[in-house]
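As structure tokens, the structure follows; a few thoughts come after it.
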Amino acid sequence: MPLHPESPSLECPVCVCPTPRPHQILSPYSSSSVSRLVSGYWKVFWEDGIMSGYRRPSSSALDCVLSSFQMTNETVNIWTHFLPTWYFLWRLLELAGGPGFRAEPYHWPLLVFLLPACLYPFASCCAHTFSSMSPRARHICYFLDYGALSLYSLGCAFPYAAYSMPASWLHGRLHQLFVPAAALNSFLCTSLSCYSRFPELESPGLSKILRTAAFTYPFLFDNLPLFYRLGLCWGRGHSCGQEALSTSHGYHLFCALLTGFLFASHLPERLAPGRFDYIGHSHQLFHICAVLGTHFQLEAVLADMGSRRAWLATQEPPLGLVGTVATLGLAVVGNLLIIAAFTASLFWGPSTWWPIGGRYKGQTTVRPHF
């Protein structure tokens with residue numbers, strides 16, 4: 001259940017440093033003032049500009065599930081990715097069930113793209129649902145969330161390599177290494193984004209920069225073919241033939257840029273702390289834009305598949321079935337190992353790493369109230 005100023009005090013025996021009472025945390029102060037009040041155990045769960053609607057920071061798994069049907073500051077976050085999971089799963093089953101679709105190798109890169117497109121919103125939904133169980137559980141949830149996003153960045157590379165490459169790049173060095181490089185990028189993305197959670201409290205600016213860079217770099221790499229085709233066709237209208245981008249490509253890129261802006265800016269809640277706690281804060285808008293971007297990306301890939309099919313049929317695919325399965329399998333295993341390593345550090349790391357649930361050096365254990 002969400003914590004409100006009028007909520008009764010709740011003892012939290014696992015907390016390790018003084019924490020303000022709810023009437024302090026959830027009061028209508030400025031964002032910077034409230035951030036200074038929040039410390040210790042609560043600060044792990046604190047979001048800039050969000051003044052109220054927090055769930056108990058030691059909820060059970062059942063409490064977390066039930067909270068998705070109550071109004072908290074995470075409720076819309078949960079549902080804006082839970083429902084799209086089923087939409088993308090429906091699109092996957094619809095396309096895979098088409099006559100001859102699975103039997104034709106030309107379609108396999110699209111199916112590979114749709115698998116992580118279903119996975120990442122589901123992982124995000126689970127992360128937002130269970131992130132209030134404990135500080136460690138919160139970090140593990142988001143490690144898995146970041147891993148799913150990294151696999152999604154790899155999934156995007158398969159259809160782009162198969163259907164969206166500029167003609168002058170076909171069978172060149174970049175084309176041949178595009179998917180393997182995307183797999184390596186997924187390892188970098190998972191490592192950097194997971195690591196970004198460790199300096200989050202002491203250096204929030206550094207944490208934000210690391211996490212933003214972790215997801216910006218794979219996006220820029222994956223979309224190199226589109227940026228190149230866009231540059232070739234700039235100002236040429238309908239005269240650029242196979243290099244022409246569909247309208248869906250433009251919508252996808254716009255949604256992606258808007259998603260990045262919302263993630264980095266924390267607008268609008270930074271301008272009016274407390275006004276968007278339940279509906280309309282940046283993370284909810286970020287979820288919506290990300291899902292819309294994936295939808296338009298799927299439509300753009302389908303457009304390239306159709307419009308370039310006759311031309312691509314004369315070309316050799318960049319990866320066969322064995323290469324596709326091997327690359328995807330190694331990427332999944334590698335990302336899981338990275339997540340396992342960061343998860344292990346939550347239990348075996350130095351006790352001075354406050355983000356993992358330890359205490360700052362010199363602190364004493366107390367029993368705060370909420």
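Glycine is no exception: its Cβ is also placed from the backbone N, Cα and C atoms.
Residues or ranges marked as Zn(2+) binding site in TrEMBL: H128, H283, H287. In the three-state DSSP scheme, H287 (Zn(2+) binding site) falls into the helix class.
As annotated by TrEMBL, transmembrane segment applies to 108-130 (among others).
Residues annotated as transmembrane segment in TrEMBL: 142-165 (among others).
Positions annotated as transmembrane segment by TrEMBL: 177-198 (among others). Within the chain, the transmembrane segment (177-198) has long-range Cβ neighbours (under 8 A, six or more residues past its boundaries) at 139, 142-143, 146-147, 149-151, 153-154, 156-158, 160-161, 165, 207-208, 210-211, 213-215, 217-218, 221-222, 318-319, 323-324, 327, 330-331, 334-335, 338-339, 342, 353, 355-356.
Same-chain neighbours of the transmembrane segment (319-348): 105, 108-109, 112, 136, 139-140, 143-144, 147, 150-151, 154, 158, 161-162, 179-180, 183, 186-187, 190-191, 194-195, 356-357, counting only residues six or more beyond its ends whose CB sits under 8 Å from a CB of the stretch. Sequence annotations record features per position, and here TrEMBL assigns transmembrane segment to 319-348 (among others).
Counting only same-chain residues 6+ beyond the ends of the transmembrane segment (108-130), those with a CB under 8 A from a CB of the stretch are 61, 64-65, 67-68, 74, 77-79, 81-82, 84-85, 88-89, 91-92, 95-96, 102, 137, 141-142, 144-145, 147-149, 151-152, 154-156, 158-159, 161-163, 287, 291, 294, 298, 301-302, 305, 321, 324, 328. Set side by side, the binding-site residues H128, H283, H287 differ in how many other CB atoms lie within 10 angstroms of their CB, and the most is found at H128.
Listed in sequence order, the residues E74, V76, N77, I78, T80, H81, S124, Q284, F286 complete the 8 Å Cβ shell around the Zn(2+) site centroid, once H128, H283, H287 themselves are left out. Secondary structure from DSSP puts H128 (Zn(2+) binding site) in a helix.
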